[in-house]
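Visitor: Sharing a structure below in structure tokens format, with a few things to ask.
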Amino acid sequence: PARKDRSNTQRKRPKYTMGSEREMRRKQMNAKAFQMSKAVAGNVFHNDIFEGVDSLRRQLMNQPRARASVTLCARRNSAKGACKTASVNYDDSDLNPQPTFEQLLRRPKAFVALVPQPVALFVAGALAGTLAKTISCPLDRVKILLQVKGGTTGGAIAQAAQSGNLVKTFLAVGKQEGLGGYFKGNIPQVIRAIPYDAVRLCAYEQFKNLLKDEDGNLSVPARLAAGAFAGMTSTFVTYPLDTIRFRLAIDPTVKSMPQVVSTMIRQEGLFSLYKGLIPSLAGIAPYIAINYTTFDLMKKNMPDELQSTTTGSFIAAFLATTVATTFCYPLDTLRRQMQMKTVKYNNIFHAYSEMSKQNGPLAVYRGFVPNMLKNLPTNSIRLASFDAGKKLIIEAEEEYGELQIECAAQRQSTTC
């Protein structure tokens, strides 16, 4: 029969997963050990069908820096039962050969694999967060002004914010403060986004690896726990920067981050930088847990042709953010109220009681629309960018591993 023309058939792209660095290392070593075992057997019998390869592979994996002796028995092109003993001298360098610079140039993506996986994930999270925060800064400023009714900002901005009108507030900022007004507080926001998103996204991947079962599967409760732990970890580390950004956005008397810090510490004490931390942790834990878990599950159940695309990431992020924000937005509003120095609340319940008395029970949803308008593109950009970064890291590790396998099969020294 005629051979099928494969040039016109689209190959199905494999699903990719982010495992721990130890798992990736073991998979690569296992593949290299098999290639070495196959090469040894090929030298003995000059064919590719033989017994004893798996035994030699296990010795290569479990006894580094040793001398392996294994009996290989041919099953084809040789007398039945013909066996020979093969000895192999090897050490760690045989299972971890270093491709040359010229080989890496042929596969430039493999250069990324030279960076330790946790560091690569941290950088991917930082870049994703920076891009997302900068694009969404104008709507974030409007959202904060609506939440606190203008705060201590006067003029047209305060009047528009007190009316609760999104469009009026947005236009008032531009009219009163110019284009720069939309990006007021963006520098500390970006500075905060670098460690915050980097820690949160990287920690989520690490917690997922820790919470996998013996078969490497991750249950929904485990995903929720990983998201909650990641959100609380990143929030605790970067909370003071969030407080500083918030004060810059609503207080016209302060002009810089050092001025905010010195004023807060002098007037309110050092712990004022962590004011509202408890409700913030209570709000971020369920938000990140729901958001990231929903995103992962939606991506996992998408059609294969959509799953590995940027469009698929945006769709999954859009729906996941909608669900998470609807459930968790009230806690964010209460946290903002408790961060204000002009209003004193004893606790989160006291804050909700006072807000309800003044503006009704739905007061905690003030600014919900601009928050959704900001969060939907922000989270879509952040999660899609980080997803692309993870995919790049995985593909780089695979390409680097393939180069090492080629080296292991051909080399006689520590480099190819």
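Yeah, the Cβs are placed from backbone N, Cα and C, and that goes for glycine too.
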Visitor: Which of these ranges is annotated transmembrane segment in TrEMBL: 192-211, 312-331?
Guide: 312-331
Visitor: Transmembrane segment per TrEMBL sits at which of 213-232, 273-292?
Guide: 273-292
Visitor: Can you work out which residues elsewhere in the same chain, 6+ from the ends of the transmembrane segment (273-292), have a Cβ less than 8 Å from its Cβ atoms?
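Guide: Long-range Cβ neighbours of the transmembrane segment (273-292): 200, 204, 223-228, 230-232, 235-236, 239-240, 242-244, 261, 264-265, 320-321, 323-325, 327-328, 331-332, 334-336, 338-339, 348, 379.
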